[in-house]
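These notes are about the structure you will find just below.
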Amino acid sequence: MVTTFLTFLLVLTALAASATLAKRLAVAPAIVFLIVGTILAFLPGFPRIEMKPEGILLLVLPPLIYSSGVSMSWREFKANLRPIGLLAIGCVIFTTVLVAAAAHYALGLPWSVGFVLGAIVSPPDVVAPLAIARRLKLPHRILVILEGEGLANDATALILYRFAVLAVSTGTFSLPPAAGTFVAIIIGEILFGIAVGWLSLRLRQWAHDPRVEISLSLLTPYVAFWVPEHFHGSGVIATVVTGLYVSWNGPLLISSKTRLQGIFFWDFVIWLIEGVLFLMIGFQLRLLMEKSKALPVSEILAAIAIVSAIVVIARFLWVFPGTYLPRLLSKRVAALDAKPPWRYVVVIGFTGIRGVVSLAVALALPLTLPNGQDFPHRDLILLVTFGVIIFTLIGIGLTLPLLVKLLGLSEHGHLEAVREREAEIAARREILESARDSLDRI
């Protein structure tokens, strides 16, 4: 017990020190967390920290997904639904298929195992790109699309992951039943997510105590996630919908005092979870390197290089046609949504960093199949996933600011921020003038 508590304090200390260092260096905290975790893992005497697969998805993902939903503006999400959907659904499926094909033909893995790997590495992470994008003051629409994609792509990837793991476990897969199940899961979880969001807000309104309300807000994502999970759903869609419902309806039912306290509480919770997870990536590298001794190093490096290249290239192959083809094929789309500058498209195509969700799903892979046999190629899947995370996080994370500077987009975002600030000041002046006129009439 004492050892566990000391380990927790050590991790918390590393987290605080890493965050401070990241701020001093002006880089994404996730990159520093990863590097510090790797260094600590190889220090003599540092305790071995292992994450149990069954607890990863159930404990870590619900608050991350729910918080993203609550912080997302429903109005902006709806206004950018088409590009978000193309990325969160279309690009994830496209990447999964390409990775599965490469895993089968280039690495010799069975199709089902290839789809497991593809589903794990297909969803980009939103944490590091958004941190960089906000620091560089990128145009607001880029931020909205990236945040919306990060909110929805996890659901697509996790549903694909479950189908792929089921195919590995049973040895069979049939597309028509899977498609029907996919649609049923989406509809059922949307309805359940709305119900959980409605019930959560009513209970919080009835409690009328900030401490109780914040406690209920922490329970909400687990209810939204665990119930569908128990009935073999994904839980992600329900949690996303619950978060969006609370985001849209919460200001009408929750006091400003509670919302303010909740913002600080959830900001710390998400910072803690994300920081610990990125540290854990580094911690797990030592364990994975020990396991990798049974696999040829050349095979591991080749697999990481192939899959990393595919996830980066696949995003560009999808983003550019997905941006311009609908406007060429549909006059309605062209009229409703103006063609974005090509610089915006390049940046969105370049932000395919993998992170927290890929890590959590990879670690959650079952150790054995229902028949007691080891899950096929589990160690290789873990090694490739970690390699892709490290490559994209450090490679893209460090070069994205340079790309933005070369494209001149930081200036666009700065001008946009100035215009928004001027509009806000003008609106406040108008309100004050209106209030003064009302007082004069009294």
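Note: Cβ is positioned from N, Cα and C throughout, glycine not excepted.
These come from TrEMBL:
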- 12-405: domain 'Cation/H+ exchanger transmembrane' (DOMAIN)
- 26-46: transmembrane segment (TRANSMEM)
- 84-107: transmembrane segment (TRANSMEM)
- 113-134: transmembrane segment (TRANSMEM)
- 181-201: transmembrane segment (TRANSMEM)
- 268-288: transmembrane segment (TRANSMEM)
- 300-321: transmembrane segment (TRANSMEM)
- 341-368: transmembrane segment (TRANSMEM)
- 380-404: transmembrane segment (TRANSMEM)
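Stretch with the most C-beta contacts under 8 angstroms to the transmembrane segment (26-46), considering only 84-107, 113-134, 181-201, 300-321, 341-368: 113-134. Between the transmembrane segment (380-404) and the transmembrane segment (181-201), the number of CB pairs under 8 angstroms, six or more residues apart, is fewer than three, so the stretches are not in contact.
Between the transmembrane segment (113-134) and the transmembrane segment (181-201), fewer than three CB pairs separated by 6 or more residues in sequence fall under 8 Å, so the two stretches do not touch.
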